[in-house]
Number of protein chains: 6
Amino acid sequence: MRHDGRRADELRPVRIERGFTEYAEGSVLVSFGRTRVLCTASVEESVPPFLKGTGQGWVTAEYGMLPRATHTRTPREAAKGKQGGRTLEIQRLIGRSLRAVVDLAALGERQVVLDCDVLQADGGTRTAAITGAWVALADACDALVARGVLEASPVRDQVAAVSVGLVEGEVLLDLDYAEDSSCDTDMNVVMTGAGGFVELQGTAEHGAFDRGALEALLALAEKGIGELLAAQRESRA
Amino acid sequence: MRHDGRRADELRPVRIERGFTEYAEGSVLVSFGRTRVLCTASVEESVPPFLKGTGQGWVTAEYGMLPRATHTRTPREAAKGKQGGRTLEIQRLIGRSLRAVVDLAALGERQVVLDCDVLQADGGTRTAAITGAWVALADACDALVARGVLEASPVRDQVAAVSVGLVEGEVLLDLDYAEDSSCDTDMNVVMTGAGGFVELQGTAEHGAFDRGALEALLALAEKGIGELLAAQRESRA
Amino acid sequence: MRHDGRRADELRPVRIERGFTEYAEGSVLVSFGRTRVLCTASVEESVPPFLKGTGQGWVTAEYGMLPRATHTRTPREAAKGKQGGRTLEIQRLIGRSLRAVVDLAALGERQVVLDCDVLQADGGTRTAAITGAWVALADACDALVARGVLEASPVRDQVAAVSVGLVEGEVLLDLDYAEDSSCDTDMNVVMTGAGGFVELQGTAEHGAFDRGALEALLALAEKGIGELLAAQRESRA
Amino acid sequence: MRHDGRRADELRPVRIERGFTEYAEGSVLVSFGRTRVLCTASVEESVPPFLKGTGQGWVTAEYGMLPRATHTRTPREAAKGKQGGRTLEIQRLIGRSLRAVVDLAALGERQVVLDCDVLQADGGTRTAAITGAWVALADACDALVARGVLEASPVRDQVAAVSVGLVEGEVLLDLDYAEDSSCDTDMNVVMTGAGGFVELQGTAEHGAFDRGALEALLALAEKGIGELLAAQRESRA
Amino acid sequence: MRHDGRRADELRPVRIERGFTEYAEGSVLVSFGRTRVLCTASVEESVPPFLKGTGQGWVTAEYGMLPRATHTRTPREAAKGKQGGRTLEIQRLIGRSLRAVVDLAALGERQVVLDCDVLQADGGTRTAAITGAWVALADACDALVARGVLEASPVRDQVAAVSVGLVEGEVLLDLDYAEDSSCDTDMNVVMTGAGGFVELQGTAEHGAFDRGALEALLALAEKGIGELLAAQRESRA
Amino acid sequence: MRHDGRRADELRPVRIERGFTEYAEGSVLVSFGRTRVLCTASVEESVPPFLKGTGQGWVTAEYGMLPRATHTRTPREAAKGKQGGRTLEIQRLIGRSLRAVVDLAALGERQVVLDCDVLQADGGTRTAAITGAWVALADACDALVARGVLEASPVRDQVAAVSVGLVEGEVLLDLDYAEDSSCDTDMNVVMTGAGGFVELQGTAEHGAFDRGALEALLALAEKGIGELLAAQRESRA
């Protein structure tokens, strides 16, 4: 039994609220328990310089955290004048994860920007962001189809993410902040609807982990991601 | 009749949702129609250098806008590496407005930071921010009293704000984005519960305005602020 | 009687020295007592991106303060690597004030940049800057006419500014630094030659102010601005 | 047979040159084929703020790339005024990897900074950096013992890293730049001398990878890291 | 005969106007022809970190150019967010030149900051700045003596600077902008009242210069600096 | 006899190692004793904006120092977010020195960037950089000829640099860090193969120096540069 009453292999309550804001082509407030991330998808009729004239599109992400998303206030990155390493690392991860399931040629020479802003942070913000951003992205692509810009959505598959960890020898699914802070190994897993791995990032916070632990962590992640993929489908049904 | 069906002297629907997030000492999601601003109050047991050792406290504000709060995406200030002039101007205004009703000596040598982050922008974000931030601030100060840190709240009065404007010769209350973009004169008015002016910022976007227009604008602002002060009281009842 | 011997409704000695430097299309050293601001107008044959191809021109301003313009040295903004909020706020105000009296279409697709650099600061730097910058702008536009670039000056009216304030219940015109530091309410008023308001920025530094005080402040500002407009005309006679 | 004549499970020639520069407490030029990284370890008698007074030490890393380390010149980060996301991500990875094998309490309240500067980049710069930095770190800690500052080295185990990847269905060890650019899946693996995983970062560049591929990649990484650990030991023999 | 009617060995009209602004401990407007630099000396009762506790003082300089000091407008460094290489180079030169004639131990643990801001630039801004800044510095030190802070001025000698150059084979003193732009070799010379060299910076803009040219340039510089030293003494008489 | 056993007029051992890295068009590791600088020349088929369309080329330089090139670690400029004044000053000097011997019209509308990165610093890094960068530049230009891009090398002459200094009344050639730190006067001299001066930068660190000392310093510099020019020729033989 975990400190919040969950079983080891249990996700926190997942909530995917579409249309949370009105202007973005896709807008999703995703919650993994207390972690709440607003994911908006913005379609722009331009691409980064390295794609100009190629006919190919791009999907990218930016990540931010409101200063008081956290237990104690974190200084605002805009006021500090730069984004931290953690922020850059996470937004690169979100972008790569989404691009893995989009046919960029089919998107055409335009860009979809996913802004993932954490309103409240209780662990797992990056995995919630990927899971929610996919829904926003899919909605934005559907809107392009509905407006007649594209014939079919360039989104080829779902993608979702979850964290798993080793806490005092036990394998846990979807760590909250308290568990994340005390775990020995922490792994973020990103998988497609078809069951393939897109990203795997495991870190031994204390000591190291072995092949057996890795197997157990991956099995748990697969279970969790299966449920998240279902939640994504349900939200768009 | 205005484009959204309001009378000239009518506010947009006002909603003040306390406790929108869980960690901040005060957390309010305020809506003026489609404009939605998350205001959190964070208590910090330290003060800016110029107040160290004076026994006096401080109240300050930071303002931000999520990239897709707007109709088309606005670049993220953290990614650009600096806050724009408009952002700095607004956060200075919010801070001054709130300090006007707080007894800083009674607050003691600590600081309350109000983070006002715009989730959706449809005009009037600064006035919504001031109105919502006051509730978050009052809640945070009550929490200090409840925790026994202070004997009484240092908040001496309410403060709220509204915009008024001249659009094609007509005086309108609480402009939305479309009205704000086309108005001739735009004025932001900040008033206390006791009915005094704290800030008055009027700008003639095209041409100039005269004393008569000013009188009409101020009368309308007083009416609107009266209703906002009532909404603040109701939300905390 | 004020600390420097002025009456309550008396401006400090105003001096408008045209041609203070030789290269700018307009160059004015304006003094409001000890406050001295060098205002230069530079004509550039380009416009900001949002105006490209529209045939319309632009007027903008930048503001700076020499490090030892003040009683104690202020760190140089160029060395700190950014302009402060106060600087940005003031330069936005100057730009808006001047644009209010210029026919931007008649200016043609070119830009006039007003650089307002404070050589000595004793309160009222922004109002002196607006008052002096108008003269530099008018001179620069006259130069465009003299050079045959424009048929007539696009400057449609004068614009000038003054501060007024409430100090211990008394209404004072054109506050110097000492008065500004101790005042209860401080208001900057920008008016056209035709007597209309362009900007009104009132701030209650302690407490709030009422309609009666506002009336008195505006009346005093009108008087002061009348004298400044006369000084502008005289300087260009 | 790979384009440079290597077998699929073959490392590039590894060279670990200690004492490449003279001032640092540890200084290693590590080469993985054409990839060459200068790793210096600097001992500083201070710690980051969050460790002050705890008696505990810290190990951290910074990563940089000379502008012409690459095939075409990359702009200098110091000239651009900020470190990119890739740089920050890599230096965070190096720091975490090294801390995993150091007893920070035994290090005492001091810091070892590992500077990993890439003189030439042909793929695998981060894995070469970790592998070389460990030798520099171990040398620096030995120097602290030799100088009598510490009784024993706080370095508890070795740590080394290698990349593995899937290129056209084949599993390859230690990718060079050409292989890395064309691979489907790329994984960086960090392991201790005792055979545990410290970091695992796998990315599917195109599509996704499955459990079988993961097993094969990990097996290959273990083989390669075994050889790198041997090279480390040999270099310090 | 030069384009402005000067002989080859003739300075432009030199004017040293003390007390140009009122708050600084020393304030000098120096003119070398059309080049005009405002030099203020600010005494601060603190020193840079590397001098704390040593009992020794410091003299440093900052340099800036108003945007329209030049023939065409130069972007404001504060707006660009950094000082350029030329600015940093010049302010380092000014600081070193002044420190050469100050007894830093006798100054005591305080700092004098010389702000040299160019109001109008027509070549030779750095040499005018050094020449004017010495007067401001000497005045500020005299003020410390007058206030009883120091028993005697720590300024041990005068220091002044001039440029010399080779233009079409001719050796010219005190180049203006037009001459500076077309010269083959340009040399800035800083000398003390006692006739020693403090700084010598010669640059061949096209080709190279030989020993003979160097001799001629130095002789001319000595002559010019003699006159500048006299102008400094006169201004303080 | 100097502290490292050299005679007053003796250079440290000079080593010029061409082809130190493989990708750059020119790549030289130059050593002046313990000072070691990696100089790479990169050819880019573009020029700075001010040269676009002129048919003329450009040669520029960037300078950097690895954090632990020095006796104690120096903070990384990329991490601090800006290049210091010393860095900018040195890279401007290197660029000017090299341009003095290149026929920019003959180079054609392309740019050669010299990156001079200090791997180890023991005084004289800028003079070593100039001396080594010339070899890298000459190699890169030869490569352009070999590739048939240019008919002949636009490099018209050699250029090399050395420092000389006055230490306790004695004139010394090629100061190392210890000598540089304790010298009274320090001069960097840049000369062409034909024996002309390109740059002369002399600084009196304590007091001033006279004509006699200058003569002695220049004579010594000429001798040293003669040897460096020979070493350059030899390295390219």
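The backbone N, Cα and C atoms fix where each Cβ goes, glycine too.
Under the DSSP three-state reduction, B:Gly124 (phosphate binding site) is assigned to coil, being neither helix nor strand. A sphere of 10 angstroms centred on the C-beta of B:Gly124 (phosphate binding site) encloses 26 other C-beta atoms. Annotation comment: TrEMBL describes B:Arg86, B:Gly124, B:Thr125, B:Arg126 as phosphate binding site.
Computed over the domain 'Exoribonuclease phosphorolytic' (B:10-140), the whole-number mean pLDDT of the model equals 97. Sequence annotations record features per position, and here TrEMBL assigns domain 'Exoribonuclease phosphorolytic' to B:10-140 (among others).
Among the features that TrEMBL reports, domain 'Exoribonuclease phosphorolytic' is placed at B:157-224 (among others).
Counted within 10 Å of its Cβ, the other Cβ atoms near B:Thr125 (phosphate binding site) come to 26, all protein chains included.
Cβ-based neighbour count (10 Å, all protein chains) for B:Arg86 (phosphate binding site) stands at 14. For B:Arg126 (phosphate binding site), the number of other Cβ atoms no farther than 10 Å from its own Cβ, over all displayed protein chains, is 25. Taking the centroid of the Cβ atoms of B:Arg86, B:Gly124, B:Thr125, B:Arg126 as the phosphate site, the other same-chain residues with Cβ within 8 Å of it are B:Tyr63, B:Ile90, B:Val118, B:Ala121, B:Gly123, B:Thr127, B:Ala128, B:Ala129.
Among the residues B:Arg86, B:Gly124, B:Thr125, B:Arg126 said to bind phosphate, no two Cα atoms are farther apart than 13 Å. Counting residues of the domain 'Exoribonuclease phosphorolytic' (B:157-224) by DSSP class, helix then strand then coil, yields 20 helix, 30 strand, 18 coil. Residue counts of the domain 'Exoribonuclease phosphorolytic' (B:10-140) by helix, strand and coil are 45 helix, 41 strand, 45 coil (DSSP-based). Listed binding-site residues: B:Arg86, B:Gly124, B:Arg126. Those with a CB under 8 Å from a CB in chain D: none. Chain A has no C-beta under 8 angstroms from the C-beta of any of the binding-site residues B:Gly124, B:Thr125, B:Arg126.
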